[in-house]
Amino acid sequence: MENIESENQNTIPLLGIDAEREDIDNDIYGSATNEGKSEAWISCFSSELQTIITLAFGIIVSRGSWVVIKSTDTALLGHVSAEALAASSISDLWTMSTGVFLNGGVLGVFVGQAIGAGNKSLASTWFSVSMFVLGLLTFPVMALWWLTGPVLGLFHSHDEVLHKASYYAIVMSLCLPARTLMGQISQFLSANSMVKPEAVVSIFAATMNLVLGVVFVLGWPIKGFDGFGFKACGWVTVSTEYFQLIVLWFCFIYLQQIPSKIGWTVSSYSEITKARVLEYLKLYVPSAMSTASDFWRMAVIGVFAAELGDDDVATFNASYRILWISLTFVGSLSFSCRIRLSAAVGAGDQDRARHIIKLGTGLTIAILLATTLAVLAFTRDFALLFTDDDEIVNLFIDSRLPMCLTLFFMNLAVFLEGIPVALGRTKTVFYAGVLGSWAGQVPLSYLAIRYWKHNLIGLYYGVAGGYVLLTVLLSLVIITTDFHAVIEEAQRRSEVNDEVDNTGL
């Protein structure tokens with residue numbers, strides 16, 4: 001990873017990757033001689049591969065810890081009562097469908113491009129702009145979560161479950177400020193190729209969530225204390241989110257002085273200009289809407305699945321865990337490629353950007369081929385990880401082909417989405433996602449189970465068909481990208497040799 005603070009340091013112990021690698025990469029990509037091109041290409045390949053994998057590993061740890069936290073919450077609720085689990089589930093229907101508006105995730109694009117362009121001070125400014133925008137969005141989303149009871153009351157008549165769902169959502173809304181700040185800090189550090197802080201803190205959070213949960217929710221191992229039950233579930237998660245933020249600040253920002261190492265400074269309010277806010281929103285709004293569209297599309301697919309038989313629904317839910325696990329790995333790889341690609345585009349290095357795209361795509365396809373073939377060959381073994389019911393195991397086996405097609409193309413589409421996002425083409429990703437979801441996956445799934453096979457096989461073929469369409473659309477977007485125009489936009493966004501409108505808000 002690059003040491004962007006001092007050229008006199010060769011490595012950053014915290015990161016453990018050569019700080020001079022950026023200069024080496026520039027020499028490789030900038031070479032115009034035929035002699036030694038083969039050696040340069042091999043060195044380039046090795047350098048990028050090592051960096052991408054190292055970044056991906058840290059991101060996998062972070063995302064894996066989040067999966068552990070969510071699984072722990074589900075397990076704790078399940079041990080409290082079936083009613084508690086039902087309350088949290090219907091609460092999530094509303095909170096997740098509105099919480100997506102805080103998940104635009106484009107700060108890394110702005111910061112990465114600014115760093116690539118050599119404008120470190122602007123990278124800090126983009127962090128402030130992002131916090132300003134998300135600060136304004138966070139409180140309306142919190143208010144929507146407080147309305148969980150009245151909204152769900154329109155569709156659900158069980159008063160006790162509804163009351164618990166409303167309580168759970170209101171408590172969970174209190175974690176949104178901490179979650180938003182943590183997310184922006186993580187994106188900023190990741191764009192600086194620093195993923196270790198988030199990885200370490202996420203492990204702490206997962207451990208703390210488990211310990212606090214079993215003590216305060218279940219009362220274990222305190223004799224004579226049965227815990228606070230459902231009332232404590234949300235508070236455990238909220239406490240965990242704030243504590244991990246405190247640990248991040250104390251261990252990495254205060255003790256290790258990361259800001260001084262990467263040139264992260266506090267921007268004044270005057271730097272949060274109208275022009276910069278509008279530029280940020282141009283990328284953020286389509287990205288957030290794309291995430292929302294994906295969530296709503298999967299909610300519709302869930303409705304289709306609910307119309308099938310009980311065994312089909314159980315198999316769908318269990319098999320989707322396999323897809324979810326694989327998505328954790330591929331999504332992490334995609335994000336690591338986005339980090340490198342944003343910096344390359346910001347630096348105006350078209351050849352390096354193209355190389356990163358080819359390397360990342362090839363690595364993703366190789367991983368997906370191996371994973372898909374493994375699931376296809378050992379379907380029964382994978383099924384037995386989730387159930388010993390013979391009917392469900394047989395459904396796993398019967399639907400293995402469309403399930404594996406879904407696994408392959410879903411993950412490939414997720415990876416490909418990250419490429420135009422890193423290039424600043426979030427609006428294009430939004431349009432492709434809408435077409436793939438609402439002109440592809442949803443109608444194909446409906447037609448498949450309605451007029452062809454009213455079972456899991458039909459549903460999975462419909463879902464796979466939608467992902468195939470999305471993969472084709474994203475591939476066309478990437479192939480037809482005008483990199484010259486992308487680089488011009490990135491350098492304008494990074495305010496390279498440009499007169500900036502400093503008109504304040």
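Cβ coordinates are placed from backbone N, Cα and C, and glycine is handled just like the others.
Taken verbatim from TrEMBL:
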type     : residues : note
TRANSMEM : 93-115   : transmembrane segment
TRANSMEM : 127-147  : transmembrane segment
TRANSMEM : 201-222  : transmembrane segment
TRANSMEM : 234-255  : transmembrane segment
TRANSMEM : 283-306  : transmembrane segment
TRANSMEM : 318-335  : transmembrane segment
TRANSMEM : 356-379  : transmembrane segment
TRANSMEM : 399-416  : transmembrane segment
TRANSMEM : 428-452  : transmembrane segment
TRANSMEM : 458-479  : transmembrane segment
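Note: the stretches the transmembrane segment (234-255) and the transmembrane segment (201-222) are in contact (3+ CB pairs below 8 A, sequence gap of 6 or more). The recorded stretches the transmembrane segment (428-452) and the transmembrane segment (283-306) share 3+ CB pairs below 8 A when only pairs 6 or more apart in sequence are counted, and are therefore in contact. Contact counts against the transmembrane segment (127-147), taken as Cβ pairs under 8 Å, peak for 93-115 among the stretches 93-115, 318-335, 458-479. Nonlocal intrachain contacts for the transmembrane segment (93-115), taken as residues 6+ away from its ends with a CB within less than 8 angstroms of a stretch CB, comprise 2, 4, 122-123, 126-127, 129-130, 134, 137-138, 141, 144-145, 148, 151-152, 169, 172-173, 176, 179-180, 183-184, 187-188, 190-192, 280, 283-285, 287-288, 291-292, 295-296, 299, 335, 338-339, 341-343, 345-346, 421-422, 424, 426, 490-491, 493-495. It is 318-335 that, among the stretches 201-222, 283-306, 318-335, forms the most Cβ pairs under 8 Å with the transmembrane segment (399-416).
Remote same-chain partners of the transmembrane segment (201-222), defined as residues 6 or more beyond its termini with a Cβ less than 8 Å from a stretch Cβ, comprise 61-62, 65-66, 68-69, 72-73, 76, 79-80, 228-230, 232-233, 235-237, 239-241, 243-244, 247-248, 251-252. Sequence-distant neighbours of the transmembrane segment (283-306) (same chain, 6+ residues past either end, Cβ-Cβ under 8 Å): 93, 96-97, 100-106, 109-110, 133, 312-313, 316-317, 417, 421, 424, 426-427, 429-430, 433-434, 437-438, 441-442, 445-446, 449, 456, 459, 463.
Residues 301, 304-305, 308, 312, 316, 357, 399, 402-403, 405-406, 409-410, 412-413, 416-417, 419-420, 425, 428-429, 432-433, 435-437, 439-442, 444-449, 452 of the same chain sit 6 or more residues outside the transmembrane segment (458-479) yet have a Cβ under 8 Å from a Cβ within it.
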